[in-house]
Structure formats: C-alpha cells, structure tokens
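Remarks on the structure that follows.
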Amino acid sequence: MSCAATLSSAKDSTNANASGGGGGGGGGGAPTNSNTNTNTNTQSTAVGVVVSSAAGTGVGVGGGGGGGGSLPGGTTSSSSASAAGGVAAGGGGNSAAALVRRFSMEGVGARVIRGPDWKWNKQDGGEGHVGTVRNFESAEEVVVVWDNGTAANYRCAGAYDLRILDSAPTGVKHEGTMCDTCRQQPIFGIRWKCAECINYDLCSICYHGDKHHLRHRFYRITTPGGERTMLEPRRKSKKVLARGIFPGARVVRGVDWQWEDQDGGVGRRGKVNEIQDWSSASPRSAAYVIWDNGSKNLYRVGFEGMADLKVVNDAKGSNVYRDHLPLLGENGPGKGPHGFQIGDKVTVDLDLEIVQSLQHGHGGWTDGMFECLSNAGMVVGIDEDHDIVVAYNSGNRWTFNPAVLTKVSSPTTAPPEFQVGDIVKICSDVESIKILQRGHGEWADAMQLTLGKIGRVQQVYHDNDLKVEVGNTSWTYNPLAVCKVASSTASDGSCAPVIPSSERLSAILKKLFEPNVSGDATEEFVKAAANGFAARCEEYLAGAAQPSTSSASPSSGPDVNVNGVFAGHTALQAASQNGHIEVIQVLLRHAVDVEIEDKDGDRAVHHAAFGDEAAVIEILAKAGADLNARNKRRQTSLHIAVNKGHLNVVKTLLTLGCHPSLQDSEGDTPLHDAISKEHDEMLSLLLDFGADITLNNNNGFNALHHAALKGNPSAMKILLTKTNRPWIVEEKKDDGYTALHLAALNNHVEIAELLVHMGKANMDRQNVNLQTALHLAVERQHVQIVKLLVQDGADLNIPDKDGDTPLHEALRHHTLSQLKQLQDVEGFGKLLMGLRNANNKKASASIACFLAANGADLTLKNRKQQTPLDLCPDPNLCKTLVKCYNERKTDDSELPGNVAGTSSSARARAASGSLNQSSSVNMPLSSLAASSTFPAASSSSIFALNGIANEMSQSLHEDPPKSSASLDECLVCSDAKRDTVFKPCGHVSCCETCAPRVKKCLICRETVSSREKIDECLVCSDRRAAVFFRPCGHMVACEHCSALMKKCVLCRTQIDEILSFSLCCGGSGRPEKVSVAAGAMATVGLPLPDDRFMEAAAAAACANASGHSVAMNNTVVTPVAGSSNQLNSQNNLLAAAAASSNVSNLSAAGNAMVAPSNVNNFQMDDVQKLKQQLQDIKEQTMCPVCFDRIKNMVFLCGHGTCQMCGDQIEGCPICRKTVEKRILLF
C-alpha cells in the first residue's frame, strides 16, 4: 500500500467515531524547560468570586502551580494550571471542538516584522525588529509581543500592520516536501517553490540566504495546500536586516517567564547562544541562553505564542526579502482557502453517489450521515487538511470534503444590522453559542444564565459585535448569536421572524427593565453580600423592609435562606473572600452555616484564605469553623494561603492551631508548596510551628527532596538549619535517591554544596541501581558537581549494578564522532574549555581525564569484564589517561611514607613539604611554594602550586585579587579603568577612550605600534582577560585559565613568559616563566588538584614497594598481585610537586592497613544521626505525660497518651481541650 493510500485509510475512519459528541480533554503539554530543569508537580486551588452589577456575576475556581522537572529514571513531570479569580472560562467540547481550538491557534507563535500599513512609530523597535504573535483577539485584530518587551494589538484585516517572517514556530509543515539545498524534510513554515525549475523547493532560511538562482521567480506557499503567490525575482528585491532575539543578543526574563530564578533573579542578564527547536513539531521556537550566573537553559521564543525572554541589546539576524513575506491575516484565522469559515450555515446538495465518491479520503461515509442530505448544519471546525467539520441539530458532527458543501443563503449567514437600543433575544442553544462566541468576546459559564433571555443593545463595535445588557449584566455577543425581538421563539429555540403586536412589545420592555428580572431573591442576596451591603443583607434576612434597588419586596415572597446558593456559592463565601466583616457578622447573627461547601468543596475559610483576609479567618474560627477542612483536592486553607503568598493569613492560621502538615490529593504539604513558590519566610514559619519535614508526596519526595529537585538553595539552607532531624539528609526515596542524588541529577551545585558541607551528606550512598551521586553527575556531564564531589572525597571507584564506575560512565558517553575531534591532545585550550562547559562535546572526555588524575582506577572491570580503557576506542585519549595514571604513580613514590595514618591536616602538611616545621604550613600555597623552605624546588613545583591555588579559588567561587585603585585607574583621565593593552611592550595604562591619543607608552616610554581592548577570557568567558603572553603579545585569558597553558589559545604560539595584570599596569614583580611540568599538564588539559587531593596522595604513600593495600577516598584499594608494572596508583597527579628530589623518605608504615580519618568521621556522623533518629521516634511514640510508656490511647482532638495517664486526666496535655472520648489503640 502506498503512503498516500495509508493516510487516506486512516482519514476515512474519522466519521466512524465522530457521531454523538463527547467530552473533550486538555491539550498536550509543552516540553519541560530543558532536560535538567527542576520544576515538579505542584497543584493548588485558587478560589475567585467576582460579583458586580455592572460586569455580571461569576465565581471561578482554578488551580495554580507547576512546571516540569527531571526526575530519576529519565522521566519528566509537568503540569500547568492557572489561578482563576473572577469568571472562569467554560470548557467542554469534543474532538471537533479540539480541531476548532487547534485551527483558531493557527498563526499563534509566528515571528513577524512590521508590514506595509504600519503607523505605530517605533513600538517594535524599528524596521526589521522581530516580534511574536501571541493571540488573535478577533479576525481583524492580533496581539504581538515584540522582542523588546512591548505588547500591543495590531490590524490583520483590511489594513495589514504585520508581515510573517517565519511561521515555523507555529508548527506549519508541508508534508512530502524537502528543501533542495539544506535537505530539510519536511519544510516547516513558508514553502518557496521555483516557478522555472521542475520540483525545486526552498525553505525560508535558504530562500532568504540567496540559495538557487536569484533571477528565477518563485511561488510562495504559506500553508499546506494553500494558494500559490507568484513573486518577482530576488535579484532586484529589497532586503532588510532582521534584529531581535538572535545569537549574541543580551536578554532578561520576559512576560511569560515561569522558570523561577534560573536567570539569577529579576533583571539579571544572559546571552543568547543559539536559536533551537522547543519541540520537533515547532522548529526555531526557542533560544538557548547562558546567564551571567553560569546557568544555561532553553527558553520559549514563539512556541505557542510564549515569550520567556525580552531583549536588552538586540543582535543581528539574517537579511530577508521584506516585500516577499506574506501579510499576517491575508488568509485570516478561522478561514480556509475554500472560502468556508466557522459559523457558516451549509448543506449538501449533490447526489448520494457523488457525495460518497468525494468523501473518500476526507472522512469517509457512514449510514448515519443521511441526515446531512436534508438538513442544514453549521461549520464548527476546519482541520489541518482543510476538511470541514459540520454540526447538526441531532448533536452529530461530520467531516466533509469542502467540494460537497454549499453555503446556505439565509439571514443568519450575515449578521443583521443592529442599532443601540434594539431589543434582542439571546440564542438558547448552549453548544451553538459557544462556537459562535469564539473570537467574539469568547464564552464564560456565567453567560449561561442569559440564554434565551431578552436584552437591549448598549453598543455596536466596529466589527459588528454587540454589547448587550441582560438584566443587571452586560456581555459581548456575536451578532449571529442574537436576534431582534421582532420575532417569536421557534420550538427548537431558534429565532423565527414574526412581527409582534404593540402590546407584546410593551410587555417585553416592562419585563426587561425590571431590576429583578429573574425574580430570584437569593441571587440578589448573594450579590449584596459580595458587594459588602450589610444593611441590605439584614433587610433580606429580616424580610421586613424593601431593598432600595428592587421594586419587589423580600417579604412578598418566601424569606431568603441565609445559606442560599447562587452560581455555586453562598453569601458567606462571597463575603469572606472580599473581606466584608460587617456582612459576615450579620450572617453569623442569623445562624449561617460556616461549613457549607461550594462545588469544589471550598468552604468560607478557603475563600477567606484566597482573598488574603486574615481578620475574616479569626472571626470564622471563633464561630467554630474547621480550619483544617479540606476541599475536593484535599487542600486546607493553609495550602491556599501558602500558594497565594499571603503571609498574614499563614501566620493567623498557624497561630489559631491549623495543622501545618496535612497533605492534599497530590500528597503535598504546605511545606512542599512553600518550597515550590519560593516563599522562604513562610517556610521558616511552618517549621517553627512544627511542620513535618519527613512526609512524602505522591511522587515520593519529602520536603528536602523537593527543595533539591526544585533547585531552591535558600529553602535548602532553611531546612538544614531549622530541622531537628539531621538524619533526614540521608533519607532515600523508593528508588533509592537521596537529596544529593537529585541535586547531582539536576546540576544544582549550590544545593549539593549545602548538603555536603552543611548537611554532612554521605556522598557514597547508592540508589536502587547502586549509583552514587557521582555516577549521576558524570552521566549527565555536570562538571561542577563532579568537581565538588571529587574534591570533597567521594569514592571514585564504587561500581553500580552493572559493575560500572563513574569512569566507565564518562567514557561510554564519549562517542566515536566526538573522539575524532580530540586527535590533537596537545590542544590544551580546547580541552580545558571542554571541562569548563558541560555542553561541549568534549565534556565527557575531560571528565574522564579529571577522574583518572584524581584516583579513578583504570583496571576495574564491570560485569561484562570491561575496563574503562576497553570502552575508549580513541588511542590518543587512552594514552592521556594512562599518562595521568602513571605520573600519579610516579609522584606518589616521592611522598613521605609515614603520613598515611595521621590526621587530615598532618597529611596535608606532609604533602606540602613535611620538612618545614614552621608556621608557613598555614600560608597560602602560592606563598608556600615561593618560600625559602624549598631550596631545591624547581620552577615547575612552584608553578604547579600556583595552579592549585587558582583551582581552589575557582572552586570556592572567588575572583582573583584585584589591583589597587592606583594601578586600576586610567593614567590620562583618572575616571575610567584601564582596559587597553599597548603592543609590543604589553603595558596597560589607559582606558579605551584615551588610548588613541597616546603615542608612547606612559610606563616604559616605548613607541606604541598597536592597541588592543581587553575583552573577556576566551576560555571561561566569566572573567576579564588579565594575563599577557610573550612572545605572541596576546592578552586573551584570565589568571585562572592561564595557569596551565603552554600555548596561546588564540594563535597557538608557544608561551615563554606570562605577565600578570598588575605587572602590565606597572606594578612590582617579575614575569613568570612557563615550566616544563606545567606544559606537560597542559597537554593533558586538566585543572590542577588542590590540597584535598594532596591529602589522599600522602595517605597512599604509606604502602611499601611490595604493593600493600592502601585506604583512600573512603575505599580500600588493593593492587593486582604480581603486576608491578600495572597501573595500580590512584593518587593525585601532582601531589608530590612541592617535595624536592632531595627530601629524605620517612619510614614506611609497614604492612598495616590504615584507614583515613574521614572514614572514622563518617562513622561517627552516622552513629550520631542514628541516635537522633531513635530519639525522634521515641518522642513520637512515648506518652507525653509520664515519658515511660508507649502511647496507646488517643482523644478526639488527635493527641494521645498511655492508658494509665489518659484515665486520670480531664484535659488534653497538648492542646488543653476537654477530653470527650478516649479511644484505645491495639
């Protein structure tokens, strides 16, 4: 079967399941913001009540929270909800309605520039500046968010303010086509078809990039199957430069930002690195941004009309043929090339045989479609193939080939002329009016009360939409949804034109202008309560006086029920949310029920929490309201207050005794919600009132896990500071993941630092797959996490369930395509950048080298009997790894031999030079290297220690020391800072403004041949370049990155001397010679280890030459017997750099196996945590009165004691409530 036949068969099944309608569902979620993003499923209920005599009445309940995050096992969770206050939009629908929604979104997300009828000055930023289509207000009006952050509405019918630059983000694709230049298949966005060549197509990028012959004319095809538009040849057409969010642009968060503080906070900037696809179905709809804080991620720029970013300094895009771009709205949304649009009345006038033939491939034909041959239907949808979905009075919806349909010529196909003051009747068919309202004010559930009622036209808009007053409310209607009162009601609820008598018209007008048209006293009562009219509520309840706005007396009918419900809510709920205390007091005097639930299970206390009404909550609590009541989503008022960020309400609820740790339907406690919403003050408050940190939600996350997953450092710090259960740090989820695993998985460096340093987390804990946090960090190539764990002593050689160590994982990620790019291992600059940048293709190789240089065993085999080297097909990388391993072994043999059993500080001193007994041990490493205590130390040793100091500084996020003010200011103007280096002397004496006027260097008086502005470091891009290389004369690297360089990263010239920035500014000092040892290290491309690694090296030196077992990194490593030449050393590569060749070896430690002191520390920490955990369990289970017996009796308040004490007390010892009933536990 051919591809076309397959598609046709699939399409023919459409009508087989189309009849009968059905419930509609939600749309598919957008992809999570990058694979390592850290949002987790959190939901909340937000209750909204808006009651106004001018704007109508409605109550809405919605959800809030959410996002998606990377979860263990490669799964991704996502949710989205919106807090709804006021009138909630109506839902419902079916498959056809889904098609309507999808088509109505056509064009949303398109990237646009100004069009031929533009008259809005520089709202867009200027000619060629780009924006994103956010949504269509109507068929004539579209909302655009420009890259500069401006959002406004523009014309897209009659006058065209916009041109479509790129429609690929909308998902428009031309199936079966291929760009004949770049081979993109299928073509997304606009298709450009050569009119002079046979079957030659281009995508937009290639068309505007001048591919193919410029003299050839092209057809522009905007939509699949759409009309072709012939264009003039490109050779003489005008081009404009697109500007906006393109690579190189500087950006901040935009209007749709929902990624918390990934950017570092409001106002923090980042740089666009690349334009990418948010999803495979939406190309060029996202931007990859590197923020100034080092964070990197993907953000929406066009996907579903979203704008996560706003440009601060725009960048240049490509040049485009402006006049060849289509106008936005030429084929307006909701209208196809066949001429049909949503709302049209259509019928089938052809013979049955012809219809059946034409339906092949367009939905097919079934026996139930015979009703279509005699009845008219309404167009309710247009699918992606431009087939028409038609609804009939029976409720069935059928898909048709446009060729079988004919428009019905009737008064309803064109809206009648209306004038202000006309009396109209609203259509009574709910489904029809929902469809008609799309693009005409939309539909709201509260409008259902107006169906079939009489109203008066208050305003006629420019697009013929009507503002109609019905009773005390006003709504915007499609003119097709109403008919003039000069009619009577047909049996089916539609309007049939009949002229009424003058008497009937008079009666209608009288009924229309009665203030209480519906005669529903409960409705008026709830409205009065919502608006705070306490006196009027009193009158309604007393039934004695007449409200001033009603001609009908409350006493003339039945008395108003104080618990009466209107629009799903009671008067107490409406007054509670709006904070009308006087109304609430009136209602309480009339014995209102404070525990009545609305349709979502929310009580008055929930509404008060949503409205931030702490005083109302106090009144309700005194009236006996249950503060722990839960709605249908199992949320308490505390959940709602935390989600809405109402601190005063949270304080009031906790003070009044609200339970701080009840779980909702998702298992989330208020602690989880406070962490998700980053409400740190609320988090502290909850913990102060005893919130339980150990409770897990439905995903298995306790509060600590949740903070680690979300990447919330401030929340993690609060949790670790305030918890009295330190053992919770080691608590595992069902899959064995601890909080440290989650931090490593999601690249949350600050979280990992807090857990390791503040929480004393065990870095070697394993999950169900026996993976440690280091395994996960290596697997995801999170370089900073790897460095943190290695530097803090994580075991590098723990195998997972497959026997793989972290080194196995690193090399497994190193694919053959990546290996080909690493043939030149001498290219230190490139390899170093690979270690700095986790997204670089060489990151896995850099991590492997780093692990090998810090103790990873090259000889360990996994379950498949493979060593790490067996997984590395690149011989050059293998040689590098072996070289690291062998040099480490060689350096270990030069260390003193009796320091393994000493303390960590003693071993560090031994590694730094055990012969020096003075206080210089506590000096910085760079000073220590230069001191006179190393008379035989070579320049390579000094350089190596300087590198160690630099690496330590970087790992602690410290910037290099800055020059003094006198060395920093410009010698000419004294206002700006020095930022220009003179060639060839290499001095820095002036700012960029003054430098052109200087002919001779102000420091050495040498003639200036050239000047060069000092830019950011080419390696890390985090700091300014601050080191001058000789002989090439380049200043392109910072002090941190230059420490290990052998060749200039810009010109690849061998470096002989390095001049520091202070020396270039005229400070004291001498140029630093590049040593042989540093050059050798540069070829490996690794950061030098710090003194933590030197401790491990000193510990390993206790083994004698026969190869006895050595304890290091919390693991005992035994060399392979009889293989003296094998790679059995696992110590630091340059641990012995500070020790001279003349240092005498100390006595060996013999054959005793010595464990490092940090192992004992871990054991002591574990014992302490277990003691605290046991004590916590005792406090939870022991009687709070005698502290001798187990609790086995509980009271109705929820607290308990032992039976002996419970029988003797009358009041609860915890809450002091009277004991009404005692329940024994068995």
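Quick reminder: no glycine exception, Cβ is built from N, Cα and C everywhere.
Keep in mind the model is a prediction, meaning the values are calculated, not measured.
Given the ranges 174-226, 333-385, 651-703, 757-809, the record in Swiss-Prot names 174-226 as zinc finger.
Neighbour counts of Cβ atoms within 10 Å were compared across the binding-site residues H212, H216; the minimum falls on H216. Here the binding-site residues are C194, C197, and the one ringed by the most other CB atoms within 10 angstroms is C194. Same-chain residues that are not part of C194, C197, H212, H216 yet have a Cβ within 8 Å of the Cβ center of the Zn(2+) 2 site turn out to be A195, E196, Y200, L202, H213, F218. Tertiary proximity for the zinc finger (1183-1216) is limited to same-chain residues at least six positions away from its ends with a CB under 8 Å from its CB atoms, namely 657, 1222-1226. According to DSSP, the zinc finger (1017-1052) comprises 4 helix, 7 strand, 25 coil. Within the model, the zinc finger (970-1005) carries an average pLDDT of 86. Helix, strand and coil counts under DSSP for the zinc finger (174-226) come to 5 helix, 13 strand, 35 coil.
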